[in-house]
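Working notes, structure below.
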């Protein structure tokens with residue numbers, strides 16, 4: 001490649017490792033005439049994690065292709081999305097994001113002087129922008145706005161108006177930043193197509209949209225800021241990185257939903273153009289790969305062991321994180337991190353004495369500790385013909401004993417080694433002399449011919465994976481549900497099986513990171 005890349009070489013750099021491009025022909029035309037103007041925006045909500053290296057590596061590609069790149073710190077969006085960033089923390093979050101993202105870019109050798117950094121509220125509160133928000137609201141339907149934000153904005157039963165404004169503001173950003181293209185994750189696709197539909201209604205042109213794939217988290221599926229064990233924080237200590245990688249989902253030979261392999265593909269290879277598997281001489285010694293697919297093929301063939309893969313990623317990842325940790329090891333940035341993300345347990349000191357006038361506890365699904373389980377053994381209860389006693393692996397050191405009344409409905413052979421859904425924080429109780437340490441959740445149709453089916457996690461799920469209601473991923477479950485408060489009973493009243501056999505709470509899906517919880521056939525059934 002010469003000093004100035006050709007339009008074809010620029011196109012390759014811009015689009016490599018992307019999952020989808022909308023408007024590729026327009027992109028080609030622009031590259032024939034001039035440099036591409038592009039922006040990447042990030043809402044300043046939770047702490048950035050290592051998956052942010054995916055857009056960082058693409059920003060490096062854009063700069064190599066000669067693009068003019070703007071990074072938007074979308075502080076107003078962070079507030080509009082169900083107040084994921086409280087108003088009083090917006091400035092602090094923006095400062096944290098700016099420092100940590102600049103540190104990430106420096107760690108991969110990206111020259112900061114070639115980038116433009118801008119804060120959303122620097123222009124989104126202007127008279128012109130505000131007028132365009134009103135103009136847009138006069139042509140956009142509620143349906144289209146909600147649909148556009150479905151993969152990005154927190155989904156709740158009664159959405160706030162702020163969340164419905166979010167997609168429109170993101171569309172307007174393309175015009176007000178004067179760019180040709182917007183770059184983001186494939187989870188932004190509906191917002192991108194929303195922008196393509198509605199910007200012309202205001203007399204503005206369609207933009208090109210570039211989408212990178214979502215990197216699976218360490219437990220499978222999308223890496224999430226709200227799922228602690230699925231992500232590695234940029235400031236995690238080396239021992240924490242090793243611990244999380246050790247627990248990562250990485251089955252021998254399995255290349256699907258493999259967050260470890262995906263991180264190598266989308267971050268380490270684009271940055272270094274090679275990856276070294278570090279291993280003992282007894283197992284063949286170190287091996288250098290210069291093409292990702294060669295590594296994937298060897299892993300699929302079990303030539304590369306998961307332990308060696310994880311150890312090698314551990315070394316490579318810590319080389320990226322070391323400069324970031326070093327930068328944040330100053331009193332000023334330590335103080336910033338603490339102020340931008342205050343410890344919730346220290347925000348409100350406990351009042352002395354009983355809190356008689358305190359507000360009632362919120363009854364929400366995140367209070368339930370529901371997990372994927374695998375039935376290890378199943379036997380008839382020694383003293384009850386209608387009960388099974390199961391030993392179920394729910395991701396703990398020892399399997400739990402669970403008693404369930406399924407003898408009349410599910411043959412023993414169908415339960416053995418089956419993946420199930422278990423409620424784990426009910427108070428243990430004895431059932432005919434055997435203590436049950438959880439509840440195996442099932443769909444049921446009541447009546448004379450009662451039918452019962454255990455709920456099914458998505459294929460590929462692992463014992464211990466958290467089950468949550470979409471939109472309620474955050475929050476820690478109660479350590480133990482207090483029987484007198486009837487939290488489970490109140491929530492259970494809105495549990496239902498949909499017409500598509502999906503388990504739901506108030507018409508919102510129960511999920512793991514791999515997809516929705518379902519049952520075999522009991523449409524419209526209850527869940528207990």
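Count begins at 1; order follows the chain as displayed.
Even glycines carry a Cβ here, placed using N, Cα and C.
What Swiss-Prot lists as N-acetylmethionine is 1. Here Swiss-Prot flags 2 as N-acetylglycine. As annotated by Swiss-Prot, trans-resveratrol binding site applies to 39, 170, 173, with the evidence given as similarity to another entry. According to Swiss-Prot, the feature L-tyrosine binding site maps to 39, 166, 170, 173, 188. Marked as N6-acetyllysine by Swiss-Prot: 197, 206, 474, 482, 490. According to Swiss-Prot, the phosphoserine annotation covers 205, 386. Per Swiss-Prot, motif 'Nuclear localization signal' is recorded for 242-247, and the stated evidence type is similarity to another entry. Positions annotated as region 'Disordered' by Swiss-Prot: 339-363. Feature annotation from Swiss-Prot assigns domain 'tRNA-binding' to 364-468.
The modified residues under consideration are 197, 206, 490. Their Cβ neighbour counts within 10 Å are lowest for 490. Residue 173 (trans-resveratrol binding site) and residue 166 (L-tyrosine binding site) have their C-alpha atoms 11 Å apart, to the nearest angstrom. Geometry remark: residue 39 (trans-resveratrol binding site) versus residue 206 (N6-acetyllysine), CA distance 14 Å. Taking 170, 197, 205, 474 as the recorded positions under consideration, the smallest Cα distance to residue 188 (L-tyrosine binding site) is found for 170. With the fewest other C-beta atoms within 10 Å around its C-beta, 386 stands out among the recorded positions 170, 386.
Of all the binding-site residues listed here (39, 166), the one with the fewest other CB atoms within 10 A of its own CB is 39. In this structure the alpha carbons, written CA, of residue 206 (N6-acetyllysine) and residue 482 (N6-acetyllysine) are 55 Å apart. Of the candidate modified residues, 197, 386, 474, 490, the one lying closest to residue 170 (trans-resveratrol binding site) when CA atoms are compared is 197.
Maximum intra-site Cα distance, trans-resveratrol binding residues 39, 170, 173: 11 Å. For residue 482 (N6-acetyllysine), applying a Cβ distance below 8 Å and a minimum sequence separation of six or more within one chain yields 427. Each of the recorded positions 188, 205 was scored by how many other Cβ atoms lie within 10 Å of its Cβ, and the smallest score goes to 205.
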